[in-house]
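Engineer: Feature list, courtesy of TrEMBL:
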- 222-245: transmembrane segment (TRANSMEM)
- 257-278: transmembrane segment (TRANSMEM)
Amino acid sequence: MALSSFDIDAPRWDQSTFMGRLKHFFNITDWRTALLPDSRLDEAKALVESCRAGSIPPGTTEEQLHYAKKLYDSAFHPDTGDRMNLIGRMSFQVPGGMAITGCMLQFYRTVPAVVFWQWVNQSFNALVNYTNRNAASPITPKQIGVAYVTATSTALATAVGLNLYTKKAPPLVARWVPFAAVAAANCVNIPMMRQQEILNGIAVTDENGNKLGHSKKAAVKGIIQVVISRITMAAPGMIILPIIMQRMEKYKFMQGLQVLMYSGLLVFMVPAACSLFPQRCSMAVSKLEPELRDVIVSQYGDAVQRVYFNKGL
């Protein structure tokens, strides 16, 4: 294939299938990309933009274009094209999540430890949620603050409440408290951080990217899918790993392996959870708000059957 006709935005893998999305997210959530300097990322962005403009530098190979697109997708927001902060990128989920969740699973016995590590985790999650929102819906600093405080309070209340409630429960039940807190907080943190999308709707387009309007129902669908994905991302490590540790913790060599075991799970679960639903989400026109549906039908008739939107991650 002549590189002059190379479509750098065409998916390398079929995004309508789970396996296709899994390959895509394994590619862009590669934790090694988080180690690269901003200058290297900016070079990749420049190459991607040159390719989009039909001006590919002489001597550039197809492999170099694919790698540039990998770096671009891992570090730049799909809505704005701006470079995302390092900690909020999905490629940072493995090192960041490994350290924080490992500590949550290790230090769960006392209330002060539970409070501290849940606070650290929710601060991390708030930044991730903000970074991966649908950026077409702006959010004010006040709304960010309210979302952060609400989600953190929910996580702390759940964790501390369950920690006290499970004092007389079997030890394994107490080990699952961090997961319950994380799940509860995700149900609050993500909708709160993306409240503007719920209140004002998110931009929906036709199959060719032509903007059709804003939909609150589309926003709710996208956010629910993100909540499910985030809880799924944490579930294996925070449910299965405590069972293993319960049986193996008596062996001293196992005590230092918990974080490494969790990181191994995250390497797979971050892309797997992101792959549960297409990032370019769709919705039948018939399920939209009556006002938006009527506008689309009056302008396009039956030509537009579905609308598309970025659900975020």
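Cβ atoms are placed via backbone N, Cα and C, with glycine included.
Those TrEMBL annotations? Automatic predictions, nothing curated.
Show me how these features fit into the structure around them.
Structural biologist: Sequence-remote contacts of a segment are chain residues at least 6 beyond its ends whose Cβ falls under 8 Å from one of its Cβ atoms, and for the transmembrane segment (222-245) they are 93, 97, 101, 104-105, 125, 134, 172, 175-176, 178-179, 182-183, 186-187, 190-191, 194, 197-198, 202, 254, 258, 261-262, 265-266, 269-270, 272-274, 276-277, 281, 309-313.
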Engineer: What same-chain residues lie close to the transmembrane segment (257-278): Cβ under 8 Å, and 6 or more beyond its ends?
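Structural biologist: Apart from its flanks, the transmembrane segment (257-278) reaches 15-16, 18, 21-22, 24-26, 29, 31, 90, 93-95, 97-99, 101-103, 105-106, 225, 228-230, 232-237, 240-241, 244-245, 311, 313.
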